[in-house]
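Engineer: To start, I am sharing the structure in question, which I have written as structure tokens.
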Amino acid sequence: MLTRNCLSLLLWVLFDGGLLTPLQPQPQQTLATEPTENVLHLPGRRSHFQRVKRGWVWNQFFVLEEYMGSEPQYVGKLHSDLDKGEGTVKYTLSGDGAGTVFTIDETTGDIHAIRSLDREEKPFYTLRAQAVDIETRKPLEPESEFIIKVQDINDNEPKFLDGPYVASVPEMSPVGVIRTALPNMDREVKEQYQVLIQAKDMGGQLGGLAGTTIVNITLTDVNDNPPRFPKSIFHLKVPESSPIGSAIGRIRAVDPDFGQNAEIEYNIVPGDGGNLFDIVTDEDTQEGVIKLKKPLDFETKKAYTFKVEASNLHIDHRFHSAGPFKDTATVKISVLDIDEPPVFSKPLYTMEVYEDTPVGTIIGAVTAQDLDVGSSAVRYFIDWKSDGDSYFTIDGTEGTIATNELLDRESTAQYNFSIIASKVSNPLLSSKVNILINVLDVNEFPPEISVPYETAVCENAKPGQIIQIVSAADRDLSPAGQQFSFRLSPEAAVKPNFTVRDFRNNTAGIETRRNGYSRRQQELYFLPVVIEDSSYPVQSSTNTMTIRVCRCDSDGTILSCNVEAIFLPVGLSTGALIAILLCIVILLAIVVLYVALRRQKKKDTLMTSKEDIRDNVIHYDDEGGGEEDTQAFDIGALRNPKVIEENKIRRDIKPDSLCLPRQRPPVEDNTDIRDFINQRLQENDVDPTAPPYDSLATYAYEGNGSVADSLSSIDSLTTEADQDYDYLADWGPRFKVLADMFGEEESYNPDKVT
């Protein structure tokens, strides 16, 4: 208890003298009041104009570490200016260690530490205090934060960090480098030395405490010893069947040094085994591993002798004068004879055979030998796991290969299978070799046109014009430089309409031979083309090409290839046909409009009376002539306009005066149909005798001025035999096609046209 009071007094003196400084900025203090104990005053609520006399305002307390008393250690006291000592104020504590390390008396505000503290574990604690009204449970003032610092005492002796300490000294170091070093220290004799060092704390309230540590001094190695072979000759036995790259033996040189100073490099001295063997260093054991570079053969050579040199990989030049840091040993290798399988004369056999070769034909042979001292006979057989086992057979003794089935190159062009050779004395010893058989092609398929062509020729085509390029294809395997030739079949070479031009590059062109073609005369032409290859035996085929005649423009662009276009009127252009169709449509529209107006006029006549429609009497001021009246309307005017010129008076109406018809000028030769129609329409529009209704005028005739007269079938003869078509040749080039079709010089036969 006395110790606690002394410590508290010491803390007051320190704070009073200003030796301790709060962790956070302090509010302005007043020196009017002296403290009587460790009290933390909480600011109360004051009016703005009232000056209050108060004590110090602290924000930190102090507590000693390692307190061993029987009662809780007193830390300090919290006090609020609003606490009048009537028990209406309750003090609360929260924050770091509240309730577990520090407790507070809710009535008095006294703070105690309930367990021993260690400054080395936690130097300070941050807590928050508040005064609360007991009745209303409301805070009387804002929460205040303060710090409790743990005071250190001298309870630990000095220590060496990260001990024990290790120092290294090169071996063979001279005296004086380290005072504790012995003269001529050798790592190979002793590797490590230990030194005890003591540290003492001369100050502190508890007196001087001391600490000790051990320093290990390790000698570092230097390369001062050369490698040495324990013996001068090494004997190794190696089977001749050892694979290339395998380790066949190990030798070792001893170096008393350590670490990298003991690393050894092995090399084969050029000599007997330089080409067959190699040696490498095992990094873990520092042994020399001898490996095989080439295969061994007991029958060729039974023993090998060579030298191996071992040297230090890292040489210390300070000890170079001590002598060469290397050693040499002799290696003798004896080759052991092993019973080996037969060996084929070739690693791969390649053979060729023509397709359709008769079954049983020998196409080649394989050879294998037993190279051991006591040679054995060899048996051959096909590896039945391969795909070509059923197409070929092999003679088990001779090794000859023959066909077992007919071969088809178009089905399979190459066969790949394996043949096994085994010893008769030991069938388990066998070897395998691959057989590659190429099936050669026999020219059995003729060449054909590669794709079906749709060939067209214009009606206005010129002779010598190429209208189609064709190429050929052959189902046989075409050899390098295979050539196809094209020509016209002999039966089509007589007066041909088309011919074939061979370009000598496996293509040909279809060439026209006539000056123009007519769809009316012949729409389709069939051209037989003979294609021949250059293989043996020569194969050829005749391919028929279909050529269609089409209508084209002047540039050769195809306009129409339809059959219906053939039946269009001869000599009429497309513009003329369109004009005729437009006129027909206009006339139909006029007729429909006229009929509609007539019907409307009849309806208006029925409603002339204003009385009830049931009292109206409908009458017509028109009387007919009866069945015998054949002069009311002449239907011939609709069939032939010539009748109009013969009749002087129109009989379908009552003319006011007798008018003679006008003389119409004859139509000139080659008059355009459009001009002709427009002329006739104008004449009817100004004709005063034209019928006002129920009349129809047709113009489907050539006109009086045409040299061909009318082409209408009304006045034509009944049979073609009664007609003479010789006059068509005098009508000019426009009727040349008709003259050729109906002329007597050459009858028209489409089957003879090519």
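Backbone N, Cα and C define each Cβ position, glycine as well.
Any TrEMBL annotation is an automated prediction that lacks curation.
This is the feature table in TrEMBL:
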SIGNAL    1-25  signal peptide
DOMAIN    80-160  domain 'Cadherin'
DOMAIN    185-229  domain 'Cadherin'
DOMAIN    230-344  domain 'Cadherin'
DOMAIN    345-449  domain 'Cadherin'
DOMAIN    449-567  domain 'Cadherin'
TRANSMEM  566-597  transmembrane segment
Engineer: Would you list the DSSP helix, strand and coil counts for the residues of the domain 'Cadherin' (230-344)?
Structural biologist: 10 helix, 53 strand, 52 coil
Engineer: When secondary structure is assigned with DSSP, how many helix, strand and coil residues does the domain 'Cadherin' (80-160) contain?
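Structural biologist: Taking the domain 'Cadherin' (80-160) as a whole: 0 helix, 35 strand, 46 coil.
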Engineer: So what's the mean pLDDT when you look at the domain 'Cadherin' (345-449)?
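Structural biologist: A mean pLDDT of 88 is what the model gives the domain 'Cadherin' (345-449).
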